[in-house]
Each structure stands twice: as structure tokens, then as C-alpha cells.
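Here the structure comes first, spelled out in C-alpha cells, and everything after it is commentary.
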Amino acid sequence: MEITVDQMYNIENKGHDMGFLKKFMMENAGAAAVKRLVEKLGNVDSKNILIFVGMGNNGGDGLVMARHLAGYNAKVTVMLLGNPENIKTEESNWNWSILEKMPSVKLMTGGTTNFDFKPDVIVDGILGTGISGEIREPYASAINYINQTDCYKFAVDVPSGLDPQTGETANIFTKCDMTVTFHKMKQGIPKRKDLTGELFAEKIGIPPEAEEGIL
């Protein structure tokens, strides 16, 4: 079953109100994404994994992935496309603060548009379901960098620049090898398999009762 972005938003809010907090959803989303990635790649021990994160909850999922991948002994670099004080949500802030206590994960911040990495894998946690208007810097340069880099590319929830509701794209967008979205498939995502690559919808523990009156 495919659902709309608004339905997903309402299901998340209802689940949160039931006591299944959004930070639990974020934790389970990041963990499920890493499980899929590790299953695909096999051993990620010592692999250079670069995670681009935006300032919202899509970035927060990427922050959770960073912690889990460090547990697999990957060499993880997180590139936050902005300043930590501008992280938008409590859940993402909470996960950033954990990474700040983890020397095993390299943290980079700021609005740079000059990326000099040699990754084996890139995780796109830049933009999620809240896409609107033209994509600006530093996000645009990060997306360009992802597309120009020869490595395995993994999108969290949706490739950045793809509207998960309509399947339409912004002025710039990522092209990935695998996309893992959460709870249920959003209507627009499967329309662009050329951007998503392999596509999975993973359960993240939201109670089925959270769907009542919405689906």
C-alpha cells in the first residue's frame, strides 16, 4: 500500500502522541537503513563512508546511521551542511550530541561547497519529504558532488530533490543505487526508480493503531 506524505506525517504524530516518540522512530529508521546497507555490501569494516546530512529529520536519520556504522567498524565521516546550532529538530539535535562524544566518527560542519573526500559509500541524508522550491547552496553542491563521485550511493527515505508525493524533481537531485524509505511507501517514490535504485520500505515500529482514522 502506498500512502501520501501528509498521511505519513499524521501517522508519525499520532504514534508520537501514543508514546512511541519520534526519536524512537528516528532510531529505528537509521538502524533499518544500516541493516539494508550492510546486507547489500557485506562487510563494511574499514570502508570509508561519507554521510551528508541536512538540518532536518532526514539528516537525523543519517546521524543515527553514522553511529550504527561506527559499530560495524566503518570509517565514518559526517558532513553537516550547516551549523549544529541550526539543526531543526529535537531528535536530530539529540543524535548530533551523541556523535560529538564519539571520536570514532569524524564530524564536519558548515556551509562549505568544496568537498574533498574519497568515499567507498555515500549516504544521502540531505533532504527528505519537506522539499519545496529550488535547492540552494550548500545543498546543491553536495548533490552535485554525490552525482559526480564514483562510489555506492544510498538514499535515506528519498533521494534528495525527489518529491516523494508527486515523483517530480527539483532543479537538482541525487541519483542513488539504493533507497530505503520508512513505514510505508510514499506515492511518488516508485515513479523514479532511475533515481532510487533498489527500493525498500522498512517498518520502524510505529503501532498499527497510529494509522486508524488516517488510512
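Just so it is clear, glycine is given a Cβ too, placed from its N, Cα and C backbone atoms.
Bear in mind that the values here come from a model prediction, so they are computed numbers and not experimental data.
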What does Swiss-Prot list, out of ASP17, ASP120, ASP124, as binding the same K(+) as ASN58, SER160?
ASP124
Do you know which of ASP116, ASP157, ASP177 Swiss-Prot groups with ASN57, ASN58, GLY59, GLY60, ASP61, GLY128, THR129, GLY130, ILE131, SER132, GLY133, GLU134, TYR139 in the (6S)-NADPHX site?
ASP157
Which has the fewest other Cβ atoms within 10 Å: ASN57, ASN58, THR129, SER160, the binding-site residues listed?
THR129
Three-state secondary structure of ASP124 (K(+) binding site) from DSSP?
strand
List which of the binding-site residues ASN57, GLY59, ASP61, GLY133 have their Cα within 10 Å of the Cα of SER160 (K(+) binding site), in sequence order.
none
